[in-house]
Structures are given as structure tokens and as C-alpha cells.
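Below you'll find the structure, written out as C-alpha cells, and then a few comments.
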Ligand SMILES: *[C@@H]1O[C@H](CO)[C@@H](O)[C@H](O)[C@H]1NC(C)=O
């Protein structure tokens, strides 16, 4: 039996898959293609500017901004997993994706989304410490613990993604190999398999925990933040720390809003509403983070301004 599975696996690896697209209709695909042509460069430039501004301004050399730079880095990678492939396929008039590319896309989509959620949780924890323990902040959030929190986010996210990819790679695919999406997502692939997928589906539900653990951390952090800000007569420093929570809360709501939209999306539905949620999740949210942070944050605006004036004068 194992040999049979191997042979089927090999067969699908030579055939690959067909990506049907965001809605599956040519005219709409053209519209999304043009949209992505604008969104993707904006995502790259916006997030790169955030990273450059933070690293070049000594006043932003603190944990909160380093975490933000990490978030921008993850967002650049996240949108690079799906959008360039969609753009090149559209230009080449092709819908094909190889089995290896498909699994790679799936791996990075899950791992980077998970890393994103852990970094959002780390940022919430950072704000909670800044507000509840302002005097001991540098002890709790030392350069060493910053490094550990960031590396921990990457390691946990990747380690919890690997089993899903290995399980999917061992499935056999026969018959129709059309993925009802513009990238390889795990639920579409499971649906195409002719193996027994009960265990895979169970693991997928378990994997939802990867996204809910950081969410629980974020909720606990904000309960702590609000209980302090609402009950203790606030000092100036505490208010300043609280003012930076607004951008973070906006990004968190956008992220979990679209994740939930994706999760509750019917598998084969091709309605325009589902298409919009998919595009929001894969391309728009990663583009918006830099805008949310740079528009609402005075220090960030100043750093970006300095970055531009330095470039112009040099
Ligand atoms: C991510 O965070 C770490 C630790 O704070 C920092 O050293 C590193 O420069 C950050 N990465 C980016 C891309 O800014």
C-alpha cells in the first residue's frame, strides 16, 4: 500500500496543480491582476520604509519599534509567497503550479501567518509591561528577552506548520487537480485528495490553536492595559504608552478579522464577497500595516521625514 501511495505522490508531483484564480472568471481576474500590480509594490516599499526608518533613527531603537520592524519584514515575505506567482502566471497566461511550489506556498502561508500572530502577541505583551510595570520595563523587556521573543515566534510558528505540510505531502492526488483559489491553501488541497483525510482535518482543527493562543495572549494583555488605564490616575508616561496601543489594536483587528473571514469562508464558494476577503487577507492587510503605524504615530512620521530629507540632501 505504501508503494502505491508513493507512486500516486510521484504522479501528482509531475502533474502539479491548476490554480483556478480568485473568482475563476477571466474579466474579474484581470481586475484583480491590475489591483495586485499596485498593491504589491506598495507593500514592499511601505514596509521597507518602516524598517529603514526604524533602524536609521536612534530614537526608535526600542523594543516596540523593533517588533514593528519585524512585523513589516514578515508582511513583505507573506505577500511575496502568493502575489508574484499570481502576477507572473497571469502575464504568462498560465494557471499551472508544480507540486513542490504548491507545498512551498502552503508552508510559508501558514508559517508566516502564524509568525505574524505571535509577533502581534509579543507587541501586546510589550505594551502591557510598559503600562503596568513602567519602572521595571527594561528588566522585563531586555535586549536579550526581545531577541528570545522574536526568535521564539519564528521557531514556534515554523515547528507547528511542519506537521501539516508533511501530512499533506504524503497524500495522493488523483483525478481533478484544480485548486479553487489563486494560491495553494491547505483546505483546497485536502478536498482534492483521494486519500483518507480524516487525520489531516483533525490536525487542521488543532492547528487553529496556533492562531488562538496568541489571540488569547493579546486579549489578556489588553484586559490588563485597560484595567490599569481606567482605574489608576494616569501619569504622562503611561498615557504616552497607551497612545501607541491604538495602531496596534487596529492592526490586530484587521489581522484577526480577515483570518476569521477566511476561516468561515465556504470552501468552493466563488462569490465576490469571498474573493474580497481572500484579497484582503493575502495582499491588502500586509500593505496597510505601515500606513496605520506611520499615520497615527508622531515619532514614526518624524523618522520617515528624516529618512527622506537625508536621502534628498545626500
Ligand atoms: C527584529 O527584532 C530584533 C529584536 O528586537 C531586532 O534585533 C531585529 O533588528 C528586528 N528585525 C528587523 C527586520 O528589524
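Placed from the backbone N, Cα and C atoms, the Cβ positions cover glycine too.
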Which one of 176-195, 276-295 shows up in TrEMBL as transmembrane segment?
276-295
Against which stretches of its own chain does the transmembrane segment (107-125) lie, if we need a Cβ under 8 Å and a gap of at least six residues from its ends?
64, 67-68, 70-71, 74-75, 77-78, 81-82, 149-150, 152-154, 156-158, 160-162, 164-165, 183-186, 207, 210-211, 213-215, 217-218, 221-222, 248, 251-252, 255, 259
Look at every Cβ pair spanning the transmembrane segment (31-54) and the transmembrane segment (203-225), keep those 6 or more apart in sequence, and say whether at least 3 of them are under 8 Å.
no
Tertiary contacts of the transmembrane segment (237-256) (same chain, 6+ residues out, Cβ under 8 Å):
64, 71, 116-117, 120, 123-124, 127, 130-131, 134, 215, 218, 222, 225, 228-229, 285, 288-289, 292-293, 296-297
Is the transmembrane segment (137-157) packed against any residues at least 6 beyond its ends, judged by a Cβ distance under 8 Å, and which are they?
63, 66-67, 70, 111-112, 114-115, 117-119, 121-122, 125-126, 129-130, 210
For the domain 'G-protein coupled receptors family 1 profile' (46-293), would you mind checking the mean pLDDT of the predicted model?
88
Do any residues of this chain, six or more beyond the ends of the transmembrane segment (203-225), have a C-beta under 8 angstroms from a C-beta of it, and if so which?
110, 113-114, 117-118, 120-121, 124-125, 127-128, 131-132, 157, 160-161, 163-164, 167, 186-187, 190, 242, 245, 249, 252, 256, 259, 263
